[in-house]
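Engineer: Once you've had a glance at the structure underneath, I'll fire off some questions.
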Number of protein chains: 4
Amino acid sequence: MEKLLENIIESNRRYTVQGELASYIPELTKANKDALGIFITTLNGEEFYAGDNEIKFTIQSISKIISLIIAIMDNGKDYVFSKVGMEPTKDSFNSIIDLELNDLNKPLNPMINAGAIATVSMIRGKDKDEVFSRILEFTKKLCGNEDLKVNESVYISEKKTGSRNRALAYFMKSTSIIEKDVEEVLDVYFKQCSIEVTSKDLSKIALVFANEGVSPWSEERIMPKEVTRIIKTIMTTCGMYDASGEFAVNIGLPSKSGVGGGILAVAPGKMGIGIVGPALDEKGNSIAGVEVLKDLSHELELSIF
Amino acid sequence: MEKLLENIIESNRRYTVQGELASYIPELTKANKDALGIFITTLNGEEFYAGDNEIKFTIQSISKIISLIIAIMDNGKDYVFSKVGMEPTKDSFNSIIDLELNDLNKPLNPMINAGAIATVSMIRGKDKDEVFSRILEFTKKLCGNEDLKVNESVYISEKKTGSRNRALAYFMKSTSIIEKDVEEVLDVYFKQCSIEVTSKDLSKIALVFANEGVSPWSEERIMPKEVTRIIKTIMTTCGMYDASGEFAVNIGLPSKSGVGGGILAVAPGKMGIGIVGPALDEKGNSIAGVEVLKDLSHELELSIF
Amino acid sequence: MEKLLENIIESNRRYTVQGELASYIPELTKANKDALGIFITTLNGEEFYAGDNEIKFTIQSISKIISLIIAIMDNGKDYVFSKVGMEPTKDSFNSIIDLELNDLNKPLNPMINAGAIATVSMIRGKDKDEVFSRILEFTKKLCGNEDLKVNESVYISEKKTGSRNRALAYFMKSTSIIEKDVEEVLDVYFKQCSIEVTSKDLSKIALVFANEGVSPWSEERIMPKEVTRIIKTIMTTCGMYDASGEFAVNIGLPSKSGVGGGILAVAPGKMGIGIVGPALDEKGNSIAGVEVLKDLSHELELSIF
Amino acid sequence: MEKLLENIIESNRRYTVQGELASYIPELTKANKDALGIFITTLNGEEFYAGDNEIKFTIQSISKIISLIIAIMDNGKDYVFSKVGMEPTKDSFNSIIDLELNDLNKPLNPMINAGAIATVSMIRGKDKDEVFSRILEFTKKLCGNEDLKVNESVYISEKKTGSRNRALAYFMKSTSIIEKDVEEVLDVYFKQCSIEVTSKDLSKIALVFANEGVSPWSEERIMPKEVTRIIKTIMTTCGMYDASGEFAVNIGLPSKSGVGGGILAVAPGKMGIGIVGPALDEKGNSIAGVEVLKDLSHELELSIF
């Protein structure tokens, strides 16, 4: 297995040169564009890794699944999906068009930025600090890693330059999708995107989904089984931005990517997979990471379809 | 099992009054709006049914998966998806907008009308009669039913009133997605939509997918395993029109619906399911049929997620 | 003439019941929905009026032509129109779609909200107070009315509830159309929309355009002739929101409306017309005011076409 | 005057290299890309010309104003504009998006292809030959030129390759904007676009508008004054495709262009102007022709604004 992972990493490393680092905030351009690594944890407790699996990166959009879990556990599925849709879209993650064209002005799903910001606005807490604290603590629990923290310079950079996200949020404020103060909601959103993780952390989170919501190490149920089912479904239909359909056909694993270069992939009943590769394709997914998952899914016949 | 099916049918029959018959062609308004039936075939050869499972209806959009199989087997996956995308869309099945906004003017996926018409145009044959004949024969083989035939009055009605489909097809002709004569392609498309089936036929087709491409009765391989995987994936992300995301979350079975009131649903490794219920919701899916599948999926824990 | 005006006002007053007061800010719903008045000043100095011409209302979108004049005089026509387009649009005044679909992310024209906010951002001044002060002083000069002032409660209401305008502005910040601080630009925009005027004030501003930029009372040139030509053209193609085309056909006068119920209309070489009628049609134009102008244009053969 | 025209033509001829010939039908690529000519007829009967004013070209979209006149005279303004809007659009002339997004599925105006095709469908005649014959006869009358005829090879080329126009027309058939047989309507449309004219012919048509509907040579009233006013208004707001707004600001003459390279421009009460210059800008307007009109409008102060 270790050998297989090494081969897959090395044979796909060439794709990194075809990608670009995320450039919308200056901090992200400091990443190592050539890096590529993988970490796998299986349900029976084995760990496998290869490549640059130890480098740290910000979780970015992968945090969207964490805030969605909390929002559902706080408010129930019905309330959450009365404010945010469940439909995939061919538009890019920061598109604002659908908010206007859509009859109800609902963001189409919780994996695009608009939907994720609306989701964050539904998480309970007496103020923004409590809301964020709940998100961070829950992420630590999912990873089994008490040391997670926010990358402050990325957070400040996101906050300073987040005009497009402000546009999305104020639009939703104008249509009453968001009820809280916009700047407070965005502050939490920028912070959760700036949590620093490794591919190992992502593989641990994925493993909880692979185990239907029960922590494989503590045997504690972290979330109801139904919630894991909802999240896995939405990752499958919407998790890889506007390349989700193609990813489902070619790879067939519930997955979520972030512009920090991470991909979290779930092989239900089998393993949790974490990938890092900061060079992105034009949709915003790790360009070499997607290829790594394609090879891995074929070799191990992991597709859920 | 029979009892379960009867209960599910009877308890969901009340939804039929909330739906509407497809009205875009006069012939379809002659269907029985109150009808609701189900037919299940399991991999070990058992058959279960309840309700109005014997009524006939036209296959309509469910035929899109059949022409997609043939187009892939004729041309290879890469060629087909160079002309038609794999991405789900929030737009309705007969939307023309995406053809113009999309960079490559590719229809977004093979389950919307534009994509299905483009798919039909790629099927080989010396003329339109041969193309259609290949589709009909393949459908018979999938169902194990030699008696399938076209409902002529529906076909004529479709052909006469299909202005929206002509608009889609001529648009694709103008962007070279369609290379053949538009009227010939449409003639095949209208005909394949007019093939008359029962819920039993749909359950047999679904069973072939549940069995990864091998006919459970003849043990003949009807299509490569990879093709069944592609089709099941695309049914999951795009099969229920612009309600596919919600359907995946709530039901979690690769499915395809048609405006004739049919739904074909695959429980991989377990069973093939055929539903009939001509009263449609506003997206074009059988309104009571979706509820039947929801109950069935919950009761038997069929979701693939 | 007075008789004609009275007849026109009284015969069109019935339209007010078919309209609605602007409701997006609470303050505007306090207006008198039944009110309808007109004030005309001719180039040879005569004044005519009828109806509720004396009531005060906020200038709202009519201020967009004033900030456009100043922005052009500050930066030159070429610079201004490198940031804001000149093309009419069928989309409503607060639409955000075009900002995303448009290749250059330029707002389509200076009469929709996005374009007006971008225009305000180009006006010179050491801080927002100086920018607004320049706008207010210029408006006073156009009206020959030193008493103009901001309606503070409307201004505060706009500022508090202006989420849609914030969305537009932050979107333009994200695409570098707006370079200044967004909240400072919006503060000026909200303030200029809240300047309180009467139909007489509007008729005086219109008269300056009718006189090609020279104040008819002081004989001072207030703006270059070319600027008046640009403004009159843009009022004709874009001044009445997404009803501009129909207004041009039916009435044919360069005009600008505001959701406060005002319409400013220019009869070049002849007269300046100010209308007040707070009941709006669904496009946001004074519903009875448009009818008044239709009758007036026909009676006096004022159309420029 | 002749000297002025010669100078303007020669100084703007350099723009022709920056443009492209219309390429959507093979026949149009046979035009002389370097050609540029102008013909002016004044209301007092003088004629001036310069450059390649004698070359023939197909009238293309300029025919849209002719069929609009006839449709209004046949059906009344109210009926025509119940089927076709009057609003300018920022979308290109062959866009199909607005037909779907628009609430009523009405084409936005009669100058885009969809609107023009709908307009043609309203012209009376017992069959398509009579409809076209009426259009051709009316065009002859407007030009005072009995020799006008269709360029058969352009007509055949248009008919053979007009898939995009078929898409527009079938879409409108599906929404009942078009009631007649689509192919018959398109045949008339393709034929009217293929009428061959010279810049002199265009200047004569323009002169009738400049004279408010009365033929300056026969003194016969060819159309009601109100119709000329409607046409001039729509030319101003929509006549130059999605560059109409900028054209109005820079030139200010009611005008209509065609992809054959012609521009017809009206200087009300003064003159009719015909331009030919087959090299087009990216909007589809004669690239050098627009520059010629800009210089001419400035030199002679022709802007109506």
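The backbone N, Cα and C atoms fix where each Cβ goes, and this holds for glycine too.
Annotation source TrEMBL lists substrate binding site at C:Ser61, C:Asn113, C:Glu158, C:Asn165, C:Tyr189, C:Tyr241, C:Val259.
Map the listed features onto the structure and describe their local environment.
Structural biologist: For C:Val259 (substrate binding site), the same-chain residues 6+ apart in sequence whose C-beta sits under 8 angstroms from its C-beta are C:Ala22, C:Tyr24, C:Leu28, C:Gln60, C:Ser61, C:Leu280, C:Gly284. In the three-state DSSP scheme, C:Val259 (substrate binding site) falls into the coil class.
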Engineer: For C:Tyr241 (substrate binding site), just count the other CB atoms lying within 10 A of its CB, please.
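Structural biologist: Taking all protein chains shown, C:Tyr241 (substrate binding site) has 25 Cβ neighbours within 10 Å.
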Engineer: Which residues in the same chain, at least 6 apart in sequence, have a Cβ under 8 Å from the Cβ of C:Asn113 (substrate binding site)?
Structural biologist: C:Ser61, C:Phe93, C:Asn94, C:Arg164, C:Asn165, C:Leu168
Engineer: How far apart, in Å, are the two Cα atoms that lie farthest from each other among C:Ser61, C:Asn113, C:Glu158, C:Asn165, C:Tyr189, C:Tyr241, C:Val259, the residues recorded as binding substrate?
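Structural biologist: Output for substrate binders C:Ser61, C:Asn113, C:Glu158, C:Asn165, C:Tyr189, C:Tyr241, C:Val259: max Cα distance 20 Å.
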Engineer: Counting only residues 6+ away in sequence within the same chain, which have a CB under 8 Å from the CB of C:Tyr189 (substrate binding site)?
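Structural biologist: Result: C:Ala116, C:Ile117, C:Val120, C:Asn165.
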Engineer: Within the chain of C:Glu158 (substrate binding site), which residues six or more apart in sequence place their C-beta under 8 angstroms from its C-beta?
Structural biologist: C:Ile25, C:Phe190, C:Cys193, C:Ser194
Engineer: Counting across all protein chains present, how many other Cβ atoms fall within 10 Å of the Cβ of C:Ser61 (substrate binding site)?
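Structural biologist: Taking every protein chain into account, the count is 24.
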